[in-house]
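Participant: Pasting a structure here, questions to come.
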Amino acid sequence: MKLLFPIFASLMLQYQVNTEFIGLRRCLMGLGRCRDHCNVDEKEIQKCKMKKCCVGPKVVKLIKNYLQYGTPNVLNEDVQEMLKPAKNSSAVIQRKHILSVLPQIKSTSFFANTNFVIIPNATPMNSATISTMTPGQITYTATSTKSNTKESRDSATASSPPAPPPPNILPTPSLELEEAEEQ
């Protein structure tokens, strides 16, 4: 979409895009409508032969947002100053709020991944997924359920999970095929 929008915007901002020869009575690549008079909330952008090309407020907002945020490095300083939002704009307030919340999201613990799973025609089970991320190492995921942990606590000789393979050995396709055949 980012790659197509500049082409789309350049076609929209041309002097006149005439689609009336097909009989559609639309302008601006179909976003505007050719009418005798524009409604109160619409703006006249260009002419459609003898009529006006009227564009609704959503299209005007779309164009302004693209010019404001999509092409800041292309426009000169005068145009950028004209398109800057007001200081109390809701978009600026939302952006500041999102940026202030990001550190809190990153600092959440791994217990945030605990889910309650309900399977139809079965008993509900509490499932926790723990992932470890260390640069340069393979990530292993351990999943436990209530029934698994209860059984392992009750048994005196609870076996430990199998040791992960060493990180230096990479599996080859032939080894993967042999393992699949064994299972």
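Cβ coordinates come from backbone N, Cα and C, glycine included.
Feature list, courtesy of Swiss-Prot:
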SIGNAL    1-19  signal peptide
DISULFID  Cys27-Cys53  disulfide bond
DISULFID  Cys34-Cys48  disulfide bond
DISULFID  Cys38-Cys54  disulfide bond
REGION    141-183  region 'Disordered'
COMPBIAS  161-170  compositional bias 'Pro residues'
Participant: Among the disulfide-bonded residues Cys38, Cys48, Cys54, whose Cβ has the fewest other Cβ atoms within 10 Å?
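Facilitator: Among the disulfide-bonded residues Cys38, Cys48, Cys54, the sparsest Cβ neighbourhood within 10 Å belongs to Cys38.
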Participant: Determine, to the nearest whole angstrom, how far the Cα atom of Cys54 (disulfide bond) is from the Cα atom of Cys34 (disulfide bond).
Facilitator: 6
Participant: Sequence order is fine: just name those disulfide-bonded residues in Cys27, Cys48, Cys53 with a Cα within 10 angstroms of Cys38 (disulfide bond).
Facilitator: Cys53
Participant: For a quick check of packing: other C-beta atoms within 10 Å of the C-beta of Cys34 (disulfide bond), how many?
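Facilitator: For Cys34 (disulfide bond), the 10 Å Cβ neighbour count is 20.
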Participant: Return only the integer: C-alpha distance in Å from Cys34 (disulfide bond) to Cys53 (disulfide bond).
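Facilitator: One finds 5 Å between the Cα atoms of these residues.
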Participant: Expressed to the nearest Å, what is the distance separating Cys48 (disulfide bond) and Cys27 (disulfide bond) at their Cα atoms?
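Facilitator: The separation of the Cα atoms works out to 7 Å.
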Participant: 10 Å Cβ neighbour count around Cys53 (disulfide bond)?
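Facilitator: Counting Cβ neighbours of Cys53 (disulfide bond) within 10 Å gives 24.
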